[in-house]
Each structure stands twice: as structure tokens, then as C-alpha cells.
Amino acid sequence: MSEPKAPTPTPAGDTYKGWLFKWTNYIKGYQRRWFVLSNGLLSYYRTQAEMGHTCRGTINLATANIAVEDSCNFVISNGGAQTYHLKASSEVERQRWITALELAKAKAVRNQAESDDSGDECPTSPPTSGQGGGARNSEVQSTLRTLGSKVEDLSTCNDLIAKHGSALQRSLSELEGVRLGGDTDGKIRQVTERATLFRITSNAMINACRDFLALAQAHSKRWQKALHSERDQRIRLEETLEQLAKQHNHLERAFRGATVLPLSQSNPALDSKSSGSAKGDASDEDDENEFFDAMEDPAGFITVPADPKYHRRSGSNISGLSAETGIDDQSLCDEQSLGSNPESPQSLEVEPVRKRRTKIPDKPNYSLNLWSIMKNCIGKELSKIPMPVNFNEPISMLQRLSEDLEYYELLDKAAKCQSSLEQLCYVAAFTVSSYSTTVHRTGKPFNPLLGETYELDRLRESGYRSLCEQVSHHPPAAAHHAISERGWTLRQEISLASKFRGKYLSIMPLGSIQCMFEKSNNHYSWKKVTTTVHNIIVGKLWIDQSGEIDVVNHRTGDCCHLKFAPYSYFSRDVARKVTGVVTDKEGKAHYVLSGTWDEKMEFSRVMQSNKGENGTEGKQKTVYQTLKAKELWKKNPLPEGAETMYYFSSLALTLNEFEEGVAPTDSRRRPDQQLMEAGRWDEANAEKQRLEEKQRSVRREREREAQRAANLPEEGAEGVEDSFITDSPLKSVHQDNYEAMWFERTEDVVTGESMHVYKGGYWEAKDHGNWDMCPDIY
């Protein structure tokens, strides 16, 4: 999932090398590239091995503009033709690159200016910048070695010239002794003069080269000393910048944490006046700092501590607060009593009537390649590809829906609330809690057979009972109804649509969830967010939840807008973050919710709100003055050994436990699911294929009967089994001619939505043991 951490870039000779993330496009995003800074040019390669043969791009820093975007991002552009959007792995690393780039740019600009001024002449004065000291030293040494080699060549040539010149003069002297004509004497003298001039010129050239070499050697010592000093200064400067960057980052985090802490913890003067017990809350303060630091930009609002007058609890102040903010005294008392209740869910339950199981057989270590399935299905419709149990977990989708009641006690607390706004906070926390069981659950639940049911009877233990039924198979849809003797009713109808996007699979639940409270007649509704399964083909599977939810109270008009932030590898925010604001029908904010969908949720009362601070991209953000945050919900720890038991929660471990008296269509009686749980996967796959073929046969017979009744020509449509793709358009061709046993489709008078609602009769049939109306689906 994550990229390997890039090593710290290091100078090497006259270059500066290291890994950076370069923006490519909106499909691939940032990609890891190897960058080399040398001689005023910044080049990049896909890998270090490409340096010898393939350069992906080069930009000249002499004409480039370097801009810093945030703590890790920076941009290099040369005026439009080339633009590099780069990201370092840390703020310190980014600062090192910026320093190296700025120094390299200054050097490139200076060298270009000197070249323009002096033409082809080389500057004789040593550079004053410390950047590239080692490079300059290496260059001078290389030049000196080259010059020395050339001078040695010239010395060799000089010896040869001297040798041949002497021989030439001897020959000419001997020739001069021979008396020939006058013209011959003149020619000999001319040759002698030319030979002498040649020797003098050669000696002068050699002497000049030797003088240059001596001068270069003398300057080299001085240059080396200056360059060593510049290099030491550069190292000290880099260390100082690194330390400053760390201090800046620490101060920035501390400042952000201080802006959201309540005044009683953020004001040292008040801390000195408070009791001694308040000084021991350092760990809690750190937790709050870290938590609030994560809810800045994505939430679209900022929370700050409320005015000190809101924290005083005298009678006069409470009455003044009520008059100013419009909040009644009863609501204030409710916030203190509800938010400060630290009781665990177990403390609210009655002693269980029966002991539930706490362990199931360990998951077998069977490896299965997706290609081994797909290669045998070439030419087939994707909706006809059966998925083996290797990709499943031993519970059905109906049992997954029942798992939403893992934290039913949130609805119990909501039923006791006197304020509808506080009740909305607990309902919103309940919607978030239903995702906490999915964080490690990458297995696919069994697709229920048409007419399959699942009951979860916890009436004597926890005060509620629920029933699910698969009411449609084309498209697949399940209806769920739960009722509690503590004053609440939950119902939902969910169908799933999925889109395979190469690397990941998006699962979009369709339908709505409704919750009604008997005492207050409040009627809430909301929808689920998108679930994304990453690394479908290659890599380790992991799950993320993203999107927005509006939990609406249809009686009062109150609304809680929740935002599930998608996970980003490059984000500094806390992973799996959720933020929300509870508003009344007038749009006035009363509570701020924040937390993560896999850990906990907290809420804070809003005392005042105003607009005026600009966030990212110039968007105006609302500033909320809030009281101290209180915990709404916290995830229960997983049972011991959960990693070998499909990461099931304590409730999930009991869902498939057999109970006497359940309907013959109950998911607990499904044979392939029971075989998988027992670790007999080969038998489970065979049984699964048998059940799917039986379901297709029943479906074809039902369609023939419906067509005969309507005097239509028969069509041999086949059903779609527990398939790889769950939203094939083929599924809408033939709607199920099936009437649900325990649910009926009606239009809700409050929300106006059409959904399957429990029509009664199941629990009475169970009491009498009368299941004659149930079909034989197994």
C-alpha cells in the first residue's frame, strides 16, 4: 500500500542525488523518481539504473523558478515549458533539496553572467559560494593532472626537438664547410636561422607551460583551503536548517493543538490556580492535541476554546448562558450526565442467559490466485463467474447487517436523551460505529440465497431482537428490522452496487436506514458511505470508507452532516477520520463531532460560531467555540486470536453459532457456510455450487410460471450466483417474481421512501414452531 521511505539525499562529487515523488497525472498521482542535481541542471530517472542510458527529463535552474507549497511539496518551473511538482518524504528532506536547488541556481546564474561578460575567458578568481566546494576542488585537481600530462608531453617533444635540432645544426655546419655556389650558401643560412628560431620558440612554449603549471599548483593549495572551509560551513548550515525545520514543525503542531484545547488546559495561569489533580492530566492533554490536530481542513471548520464565561458553573452564569445561546438548563445537565458516563457496554447489559462461544476454528492457510479463477472463465459473462469460498468469510451478508447492532447501547442512550440534538449525536455515533468491524475484514460475506433469513435474538441479554431476510436476488437486496424494549426501532433495506476499477473495488450501498424512538417520536434516516477494497489483483487487501452522510431528524428538521475522509498516503491527517456538525432546522450549529470510524467518536457543545477564517484554496471556514470534548463511543477490543479467526468481533463469533428453534431458512443452517467455518473448504465449494444451481433451477421454474400466467413466451434466463461482479446490468433484465415471507414493500409516510418493512409473524411462528410457509432453499 505504502511507498518505501526515500533515503536522505546526499551530495556526491559535483552532484546532489536522492529520491523524490514527482506528480505524473491524475490517474497515477505522485510517482517515486531518482533526481540528480549537477552543474545547474536537475535531471530525473525512474531508477538509479537508468542514469547511464535514459534521462526522463532535465530542467535548467538558471532560468527556473523554485516555489514552496507546503511542508513537503515544492514546484520547479522554467516559465511554462517545463514544470515539476515534487514532494519530499519529510519537511527536513524538502528543506535540504530547496537549499541545494537555490545554491545551484545562484551558481548557475553567476556562471552564466560571467560567461556573457568575459566571452570565452575563464574566471581566475575562485568561487565564493560554499555549494559545490568538493566539486570545484575535484575539477581543479583534474585540470592540474591534465596540464601536468600535457607538459610532460611537451617536455618529451622538447627533447626530441632539441635532439633533432642539434643534429640539423651539425648537418648544416658540415654542409656549410662544403663550398658551393653563392646561392647555396644563402639557402643554408636561411635553413639554419629557421631551425634556431624553431628551437627558441619551442623552448619559450615549454617555459610558458611550466610557469602556468607552477602558478596553478600555487593557487590550488589556496583554493583547497578555501573550499574546505566553505564545505564545513555548508555542513554546519545544513545541520542548523535541519534543526530549525524540526523546531518549526514542533512549534506548528503545538500551536495547532493549543488552539483547540479548552481554556482550562491551555491557559497556564488558570492551571496554576486549579487543584493539584488537574496537573496530572498530561497524557489526556496530549491525546486531545493529537486528536484535534487532525480535524482542520477536511472538516471545513475550526474549533477553538469557548470564552471562559462558558466554563463557569454558577447558577447565574448558567442562566446567562441560556439566555445568550438559547440552550435550556435541562440540556446542559443532560450533556454532563451523558457525556461523562464512562460505563462500558457490558456494564449496561443483564447477565447473559446462555454462555456464547468466544472462538471458532482457525482460518486454514489456503493460497488461491485470482488468475487461477479468471483463466478458466475466458469468454464467459463476468456475472456468471462463481467465486470460491477462499475469498469469503463464514458469515452471510444478512449476518453482516446484523453486526450493525454491535454497539446497540448507543441507541439505548439515545432513547434516554431529553434533547433531540443530543439524541442526534448518539445516533450519528451509531452510524459511524457500524464501520468499525470492517477495518480488518477483507473477506467477502456469502451472498444470501433468495428467501434466506437470519434472526439475532438478544432480548433477554441486551433487550433487542432483529430479523433479516433476502427479499430480492435480481437485484440483490436484504431487509432488516430490529426492535428494542428500551424504546427504539431500527430498519433498513440495503442493496449493493460495485464497480471494479483495476486496482480497487468500490462497493456502494443503495437504500436507506431508519431509526425511530418511541418516547420522543423522533424519526431519523441516513444512507451508507462507499466502501473501497484496495489491491484487488496484487498486494495486501485493505479497506477504506469514504463519503458523506446526512443523518436527518424528520420530526424536528435537525441534521448531522458527517464526512468520512478518504485515506491518503501523502496526507498528514489521522487515517480513517470522521468529522461532523449537528445543526437545527435553522442551520445553527449545536455540536461538533470528531474521531475515527475504527476507534472512537467525541462530541463538543458549540457555544458560538462565526465565519471569517480562510482555509485551503481561499475557502471560508467556520470557527466554532466549543466546550471540552466528551467521548460518545469507543471501539471494543477484538478477542484474543482474532487474526486467525477472520478478525471477527466478539459478536461476530456468535453469529454462526447454532440455536434451536430458528427458521429452516436461517443462515446458520446453510451447509456451505458451516463447512467453511469448520475449515473444510473443498467440500464447502462443492456445496456452494450445488446450492447456486438449485437456486437457478427454482428461479427458472418461477419465471416460466409467471410467463405462462401472463401468456408471454418463455425465456431461459439464468440467475446470477455468488459472483465476481454484483451489479451486472443483466440482473435488471428479470426481476424476481418472489414475495417476501416476513417483509412487505410499503411507502414510508415520513420519508416518502418505498422499502420493505417487517409485517410481523416471525416471532409468533417461532414460538409455535410453525415453519410450514418457509421454502426449501438448502
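The chain as shown is numbered from 1 upward.
Glycine is treated like the rest: Cβ placed from N, Cα and C.
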Per TrEMBL record, range annotated coiled coil [choices 171-198, 227-254, 647-674]: 227-254
Matching range for TrEMBL feature annotation, region 'Disordered', among 608-645, 684-721: 684-721
Structural state census, the compositional bias 'Basic and acidic residues' (684-707) (DSSP three-state): 24 helix, 0 strand, 0 coil
Secondary structure content, the domain 'PH' (13-106) (per DSSP, counts of residues): 24 helix, 44 strand, 26 coil
Integer mean pLDDT for the coiled coil (227-254): 77
